[in-house]
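Undergrad: What Swiss-Prot records for this protein is below:
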- 91: active site (ACT_SITE)
- 94: active site (ACT_SITE)
- 117: active site (ACT_SITE)
């Protein structure tokens, strides 16, 4: 049996999650993995261990082809290269357009010439209640990797 396409994999996982009435936060509790990481797995941007894939398969009632596909090494960052049109995703694009260079400068002033890893990395999303309207708090924590001189 051929491996499901990334879009089929995502659609199958989302349908199974919806059918079980689960949120990513529910899956975090059940699997012991962060909800953002689990969501990245659903979108084909992460790889599950055999144990993680089996646990998710049992929880969601996944078929063997989907379970096997979760264990494959994905092509990361394989989103459409055009400017995103989804309003929420576009805001992150807009944030990088406005604050990308300032953020780069501040990071390099504090750490030197290098980058923030997206491999040795965590991403957390929290809800901050505010009487003027709830706020979204996104925390990125990546290892600093200095550029090597040779």
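Quick reminder: no glycine exception, Cβ is built from N, Cα and C everywhere.
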Undergrad: Could you give the Cα-Cα distance between residue 91 (active site) and residue 117 (active site), in whole Å?
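TA: The Cα atom of residue 91 (active site) is 22 Å away from the Cα atom of residue 117 (active site).
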Undergrad: Provide the three-state secondary structure of residue 117 (active site) computed with DSSP.
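TA: It is in a strand.
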Undergrad: How big is the gap, in Å, between the Cα of residue 94 (active site) and that of residue 117 (active site), rounded to a whole number?
TA: 21
Undergrad: Please report the number of other Cβ atoms within 10 Å of the Cβ of residue 91 (active site).
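TA: For residue 91 (active site), the 10 Å Cβ neighbour count is 12.
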Undergrad: Among all protein chains shown, how many Cβ atoms are found within 10 Å of the Cβ of residue 117 (active site), not counting that one?
TA: 12
Undergrad: Could you tell me which three-state DSSP class residue 94 (active site) falls into?
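TA: It is helical.
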